[in-house]
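Database features, via Swiss-Prot:
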{"type": "BINDING", "residues": "D7, D137", "note": "Mg(2+) 1 binding site"}
{"type": "ACT_SITE", "residues": "D7", "note": "active site"}
{"type": "BINDING", "residues": "E66", "note": "Mg(2+) 2 binding site"}
{"type": "ACT_SITE", "residues": "E66", "note": "active site"}
{"type": "ACT_SITE", "residues": "D137", "note": "active site"}
Amino acid sequence: MIVLGIDPGSRRCGYGVVAREGARLTVVESGVLVPGDLPMAQRLGRILDGLDALIARARPAEASVEAVFSGASPRSALVLGQARGVALAAAARAGLPVFEYAPSEVKLAFTGNGRAGKDQMLRTARMLLGAAPGLSDEADALAIAVCHLARRAFAVPAAGAGRAAAARAAAARLRPSRRDHRGTP
């Protein structure tokens, strides 16, 4: 299975394409889209073009995107939301199911530490994947793809390809592994 991980941003959009065969993970392609010092609409257009070309080239089966971090300032959250919208649109336009993960969930799945810093993310990318990401955005995107591959058995798509209903039905069949406070399963 090949998965595209996207760390959205309006100035730098990290991407990582990771393939899994059995327990083996291989980086297909990774990098950072840098649209330049342009007005917002043009930067977003360049990111969309870059993601479209990447999806056509790498042919991932699914996409995973980092969810919005609400601790940012309102303006930063709005700008990040626009960049996320472009990433979601590129994946949906290609017919890819899209999965979203909180930053702490990505860090926990990738490093074992939900509060990992940039240096730890870069080191883990080198150790786990043999990758040498130049920027933290690239390492984060690789981590998002790896997180999705690790969580894939229980993931429910956020958008795309009409597989959401089947995934929700499968998730509904899962039973909790512990009892609730009333002692019922």
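In case you wondered, yes, glycine gets a Cβ from its N, Cα and C as well.
Comparing D137 (Mg(2+) 1 binding site) with the residue listed as 'Mg(2+) 2 binding site', their Cα atoms are 11 Å apart once rounded.
The 10 Å shell around the Cβ of D137 (Mg(2+) 1 binding site) contains 25 further Cβ atoms across the protein chains shown. For D7 (Mg(2+) 1 binding site), the number of other Cβ atoms no farther than 10 Å from its own Cβ, over all displayed protein chains, is 27. A distance of 6 Å separates the Cα atom of D7 (Mg(2+) 1 binding site) from that of E66 (Mg(2+) 2 binding site). Around the Cβ of the residue listed as 'Mg(2+) 2 binding site', a 10 Å sphere holds 25 further Cβ atoms from the protein chains shown.
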